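Participant: If you scroll down you'll find the structure; I have some questions about it.
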């Protein structure tokens, strides 16, 4: 695990974004951990988050001409990632986001920011059903741009109703690559090394065994 991935987990724990216990998910599954990226809610949190996303983009050599943040959670992520790329990597990347409702005055339309052209990277927090990401992919297609990847904070590596995860279904349906700052396997590695949190390891491993993708 890289230093920034460890730092991301530590920030998530400090902000209660990542918690351990028993949590009933929308799917009805009882998960031994819960991740709520909405609790990254200060300027410092966003600044660090942008650095983590930017580093993940760089490490995976993802071609990127425009960052796209799906409304609403993806908007601050796209913004802070763009800032981190220029401040820490000298990459001045435009960003764009969509409105939930079209605007019929002023500049109008459903998109705000840069035009969607070239290689577009979608940035969001996590994928559950993947609805917002699929909508974003259709928007990119309508503008004749190319989807070069999707960037997330956490990949739960968890099956949906079938044998694939929501991420794997997106990769299959849109022939795209999904990247994440950390995966559940990274979290398991962190727990294995942690003196204070290792008690949660058996439950997380059992959950991975039961619901995890191969």
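Cβ coordinates come from backbone N, Cα and C, glycine included.
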Participant: Can you find which of 56, 128, 131, 146 Swiss-Prot lists as binding orotate at the same site as 34, 35, 156?
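Facilitator: Answer per Swiss-Prot: 128.
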Participant: Would you mind checking how many other C-beta atoms are within 10 angstroms of the C-beta on residue 127 (5-phospho-alpha-D-ribose 1-diphosphate binding site)?
Facilitator: 22
Participant: If you count Cβ atoms within 10 Å of the Cβ of residue 156 (orotate binding site), leaving out that atom itself, what do you get?
Facilitator: 25
Participant: Out of 34, 35, 156, point to the one nearest residue 131 (5-phospho-alpha-D-ribose 1-diphosphate binding site) in space (Cα versus Cα); all of them are binding-site residues in the record.
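Facilitator: Smallest Cα separation from residue 131 (5-phospho-alpha-D-ribose 1-diphosphate binding site) among 34, 35, 156: 156.
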Participant: Kindly assign residue 34 (orotate binding site) to one of the three DSSP-derived states: helix, strand or coil.
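Facilitator: Going by the DSSP assignment, residue 34 (orotate binding site) falls within a strand, counted as strand.
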